[in-house]
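Notes follow once the structure below has been shown.
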Amino acid sequence: MKLSLQRLTPFRFVAALLVVFFHFGRSVVPFDTSWLNQVAAHGNLAVSFFYCLSGFIMASVYRGPMDTSTRKAYWIARFARIYPVYVACLLLSLPLISSATSSQLALSALLLQAWIPGYPLAVNAPGWSLSVEVFFYALFPYMTVLIVRSSTARLIAATASLWIATQYVTFYLFTHHYQGYPSHSHDLIFYFPLMHLNEFVLGACAGVIVVRHGLTLRRVGIAALACMALTQIVVSIADVAGLISLGENGLYAPLFLCAMCAVLALPSARLLESPVAILLGESSYSLYLLQMLVFVPGERLITNLTHNQTFYLCLAILVAISIAAHVLIERPMRTLIRKIAIAKAPYQRAASR
């Protein structure tokens, strides 16, 4: 089945904005009202959406097992996509983090910070999620071998089991071992890559199932009802067991996937496929990584405006810089890295003979 995956791109921008409001905008108009404040207070759940979307798109695009050359091309493409802007933001963070240690810098540069408690938020804090994402990228080519060879029933059973197990591990650790923020327990529960694997796997398996069986709004509706029921059952059992449930590690991932599928099942979505919407979605990666670099100094330096005015001015600056970073850094560097990799390929093949 051919999917109009591009129509999901604008939701990256919406998700990135929710993270920004979670960090900096919970008390600004109109998010200072009761229900909108709750939306902003749970904006961090957008990271779970990113992981689901990433897995879904990866599995929809790469539909079969990868040989050595395909794996290499895949990893080069992923590196070219994320690393140039990531390292640029890392370098720009240094003047703001005077106390950064050499180990913090090294782990952040290598995208390993989420694996070590005490390090996930070092240097440029949003980078922890990229550390997790890189783990998924490394794993994905090997996941596809298992996924494409499994029946749909086995995929559903395996992913549901992984998801349920992750939720209960999260609930148990949070209820009995959480020591607050900052602490090693906080880093292990909320940032450790294995705690987020279920979100990416759910997305990847959903992508494979959609490609196999197609999409209709009726099927999406049935799936959504099943996912809502399963989520409620998991939370209810946790309550009975005296566990505190929370959504940061994929509790709502099945519902996010149903929402994605509903959008893809629509007969038309012109607004979502418009050039402006696509550009905003594509620039969301830069927006996510640059948020601290704009808001932290912005809130310190802008002293003659109200809190609301300062926030929205910083947000406008962030969006503008993010678009510029996407156009001037992401796109050119992605092309350059791929060209270099292609140019080296013939020599590497010759050397291996």
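Heads up, the Cβ atoms here are built off N, Cα and C, so glycines get one too.
Taken straight from TrEMBL:
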type	residues	note
DOMAIN	11-323	domain 'Acyltransferase 3'
TRANSMEM	43-62	transmembrane segment
TRANSMEM	83-116	transmembrane segment
TRANSMEM	128-148	transmembrane segment
TRANSMEM	155-174	transmembrane segment
TRANSMEM	189-211	transmembrane segment
TRANSMEM	223-245	transmembrane segment
TRANSMEM	251-269	transmembrane segment
TRANSMEM	276-298	transmembrane segment
TRANSMEM	310-329	transmembrane segment
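The stretches the transmembrane segment (310-329) and the transmembrane segment (83-116) are in mutual contact, each linked to the other by at least three Cβ pairs under 8 Å (pairs 6 or more apart in sequence).
Counting Cβ pairs under 8 Å that are 6 or more residues apart, the transmembrane segment (251-269) and the transmembrane segment (43-62) reach 3 or more and are in contact.
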